[in-house]
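TrEMBL has this to say about the protein:
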- 539-548: compositional bias 'Basic and acidic residues' (COMPBIAS)
- 381-509: domain 'Cyclic nucleotide-binding' (DOMAIN)
- 532-565: region 'Disordered' (REGION)
- 63-85: transmembrane segment (TRANSMEM)
- 92-117: transmembrane segment (TRANSMEM)
- 202-223: transmembrane segment (TRANSMEM)
- 248-267: transmembrane segment (TRANSMEM)
- 279-297: transmembrane segment (TRANSMEM)
Amino acid sequence: MAEKGSSTAPQPLFFRRRSSSEMKNKSASVSSSLLPAFGTVVNDGDLHLKRNVIAPYDRRYRWWQTFLVGLVIYSAWASFFMLTFDKAANGVLLFIDLVVDFFFAIDIILTFFVAYFDTSNFVLVDDHLKIAFRYVTRFWLFMDVASTIPFPLINKILIGEWHTGQVFGLLNLFRLWRLHHVGELFKRLEKDIRFSYFWTRLLKLIFVTLFAVHSAGCFYYWLAARHKPSEHTWIGRLIGDFKQKGVWHGYICSIYWSIVTLTSVGYGEFYSMNEGEKIFNCIYMLFNMGLIAYIIGNITNLVVQSVVKTFAMRDSINEVMRYASKNQLPEGMREQMLAHMQLKFNTAELQQEEVLKDLPKAIRSSIAQHLFWKTVEKTYLFQGVSDDFLSQLVSEMKAEYFPPRIEIILQNEIPTDFYILVSGAVQNLNSMKLQDVVTYKNGTEQFLSNLESADMAGEIGVIFNIPQPFTVRTKRLSQVIRISHHQFKQMVQSESGDGKIIIANFMEYLRGLEKDMLQELPFLTELLADQNVQPTAQNEEKQNRETMDSTDGNPTGTSNTSDPSLTAGTIRVIIYGYHPSKKTMSGDRFGKLIYLPNSIADLFNLAEKKLGKRGSTILMADGSEVEDLSALRENDHLFIV
């Protein structure tokens, strides 16, 4: 295998398509610190390290580390146990220790072949000399060797007998250095999404507590066993011949004392009898204060994390209730506000914006297309449009949830968005009485239609740029996707071909509206009638101009597209018969949608026909006067006065 240098940039996590379970295992096993430096070129193939070099996140090496953690737990228990009880140190535990030391000796050898992550330049170093130099020159090698040397076996080889005295027992305490393997395991498990963070932290707290209880109990018994006379000790006062008792009898008494002292119960049957025991008791009780604070703090944090969302929901609901009471809102509005707040927290994990806000735009777009593509594709307005336009549209849509009996759109509100129903059901209503704040409680409502999945709401107001003509209310829990008025128009203007398809679909939809809905939009009847006549007139005018162009020396017969009058007939505008500063509640407040004529005189004539009165001035919504029709754009609002 060809070598690529002394250091290799780490492999990216997702360099090819994988199954979801494979990606989950991969992301869970790779440390978050193994990231390539900016500018580092990473190949698409598998990561190639030098020969006989082990990657630190290799699955087999991770299993080896997990196996060592089990041996570390045994070593942590046996080190204090064998120091305290000489009888146990001469038995089977001695040979188990030799086997454990053998495995850790193998781990020392393997460490010389494990690549390491260099934090100075963020690369994975696989050079043998650098790996060895780093291991030898640091404190790790000395402590690993000191904790692995089998001192009783060396004494057997040199002197010819097994010797397990106090000196060898104290030297065995070097094995506690191996506990750093346990710390590394818990750090990895806390970041591993395959395991519950709560239970991982709880298991760590239990392990720390048991180790503290075990080590303190064994050391306290060791003080009593070495004190003369033995009757002046915490255990000798009650059990005079405690040394002749069994090992497990003494161990149980030690653990009992340790737990009683740790929990600050203090029944009083075991207490210090000499200065050495009193000093150790003081140190142990001070240590217990810190340990209990650590345990309580961690458990409190875990519990609070599980209920913090509930606290936030209750606080938000209380704020809403106080606001409603202060402003004396009606009962119906209060119920709607409470229903919305409860739904917000019940569907917090489903809120698209909250979940996806930290992801790259490409990933967000892919997720949106996976979730909503089929729904948008079935919507009448976008049937037949290109996949590129549909992809852009879906990527810009936002998902929302609405509880039952909540108004998604209010009649006469500004058309800022339109909606596509994904799941649930909504109603189109025409509110006959909107002057009251409590209109939906005491007013009269006229039912118009039901909307189901893939149906749209609010698109009439958005496309015509008029106040929303209908109220849209949910019947049950509904999920909708919405898109902004401005974003939609920007996409349509950049894709003229798809825009024509959308307009054609929209006009076809308007022709199929029920009579009740058409009555609420009087300008639609005239628009649909003009739609049948206008294309014929435009085609005749175009043919006449093409004939004139060819006569004037244009052999191709193509029209001169630079002449603005040729495109005026394709622009639609909305005309009103009053001054823009005047507010009206009459039936003409919606205006009349017309195709822009080729001259101002023709516009006055058409306005007189549509509005019933002749004007002399054309104003925009801001009051500015129109002098040239070529400056107008699609869907401009013109006021003829």
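Count begins at 1; order follows the chain as displayed.
Each Cβ is built from the backbone N, Cα and C atoms, and glycine gets one as well.
Heads up, TrEMBL stuff is auto-annotated, nobody curated it.
Below 8 angstroms of C-beta separation, residues 8, 10, 31, 33-34, 49, 52-56, 61, 64, 67-68, 71, 74-75, 78, 81-82, 123-126, 128, 131-132, 134-135, 140-141, 144-145, 147-150, 152-153, 162, 164, 172, 178 of the same chain, each at least six residues beyond the ends of the transmembrane segment (92-117), sit close to that stretch. The list of residues near the transmembrane segment (63-85) in space but at least 6 beyond its ends in sequence, with Cβ under 8 angstroms from a Cβ of it, reads 93-94, 96-97, 100, 103-104, 107, 110, 164, 166, 169-170, 172-173, 175-176, 178-179, 181-182, 184-185, 207, 211, 214-215, 218-219, 221-222, 225, 247, 250-251, 254. Here the transmembrane segment (279-297) has Cβ contacts under 8 Å with residues 205, 208-209, 212, 216, 219-220, 223, 261-262, 264, 272 of the same chain, all six or more residues outside its ends. Helix, strand and coil residue tallies for the domain 'Cyclic nucleotide-binding' (381-509), in that order: 45 helix, 41 strand, 43 coil [DSSP].
Mean pLDDT of the predicted structure over the domain 'Cyclic nucleotide-binding' (381-509): 77.
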